[in-house]
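Peer 1: Quick paste from Swiss-Prot:
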type     : residues : note
REGION   : 1-298    : region 'Sufficient for RNA-binding and MSE-dependent splicing activity'
REGION   : 18-39    : region 'Disordered'
COMPBIAS : 18-28    : compositional bias 'Polar residues'
DOMAIN   : 54-135   : domain 'RRM 1'
REGION   : 121-149  : region 'Disordered'
COMPBIAS : 138-149  : compositional bias 'Polar residues'
DOMAIN   : 152-232  : domain 'RRM 2'
REGION   : 239-258  : region 'Necessary for TNNT2 exon 5 inclusion'
DOMAIN   : 406-479  : domain 'RRM 3'
């Protein structure tokens, strides 16, 4: 990543700078940058620095402090050769860190010894970091070189929640020099029963693991003490990516190549069976789980490339689902057609739709049109043909009267709805296509509706709906003459 640098200006070139920096410049010169003095008729003079001078990384700096504010803090340890605050290349925003180089190596050693994790600057939660920059650590400055943090930082779990940092230090100090000891706490300030301990060397950390991991059970802990190396940044990133991939797989099963569809569909149906089993035990399924179950049911209804999905068995409150086998269906009728798109049938392979699944013996109620009485019911009303009473068994009992049906669908040859019925959707995942859009908006008619009421209902329910790491933005399509001033 390219980082824009903002470099310290050591003051204007005037008489004061002459006495402070010892470098001559005329009163009319433009300024003094990084120890360079400029005179109208003289070449620039570069201050000397030791051949083994150390470039320091400074972290945990308040973002409102620039070079001139930081200079007095570091000047007391020696003459500064260069001080640079890191800023974002595009936004120019302060990154909260800087690079510092002294003219003399000893000045860097003194600054690190006096400041590193010894002082917390105003507005910061952690003490200032003063250590060699990565390039220096890989180079010849061996006296300041340290092993990577992940090789000597330990995660400690199953602690007594009453233990403090001092208690943890006493437990681990027998194995070496402890640089950091931090107990993880919740928003209320109470301990979570785990901590991070950083040693000065990898060997010390390994010795602590060998001696303490599983060696004892702390009072109030459910199992023995856990001592292991903390996850690296790369491992944490990989775990987050796996979680994101799992979310995308749940909300976008159509993105999976159809060559391996059979095994994937079978796994989906196993997940659906588990969801429905939980319904049978608890009698209620939250809206997100109901939506996931509906997608699984739709996937089961697809018969792509001659591959048959695994059969689904209805689950009741007091029985275990038996195994059912059914022949593949070569073709499935298409009961729903919207704007030329073929709808997804609710049944496949002779299996009953999810209305046949009972929750603790509660029989399904007829699905109703969305009403203003329950916003969540509006959002998932169209899913009821698949999720049935599993989503809202209580709401079905309260709403028993019939509601008028919406006007008939627009003719298939019309590709765009009338004014006020067309939606513009932002932030869709790149792999989304027509099939995914239809699957997502089918409960409301489709993206292009035949009446403004359905369009407004879809906007209220789906605007802000999260898919993976994206949130949908749904709004009315602008009229064609919206940009005209008259």
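For all residues, glycine too, the Cβ spot is worked out from N, Cα and C.
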Peer 1: Could you give the mean pLDDT over the domain 'RRM 1' (54-135), rounded to a whole number?
Peer 2: 90
Peer 1: Per DSSP, what is the residue count of the domain 'RRM 2' (152-232) in each of helix, strand and coil?
Peer 2: 22 helix, 26 strand, 33 coil
Peer 1: So how many of the residues in the domain 'RRM 1' (54-135) end up helix, strand or coil by DSSP?
Peer 2: 22 helix, 26 strand, 34 coil
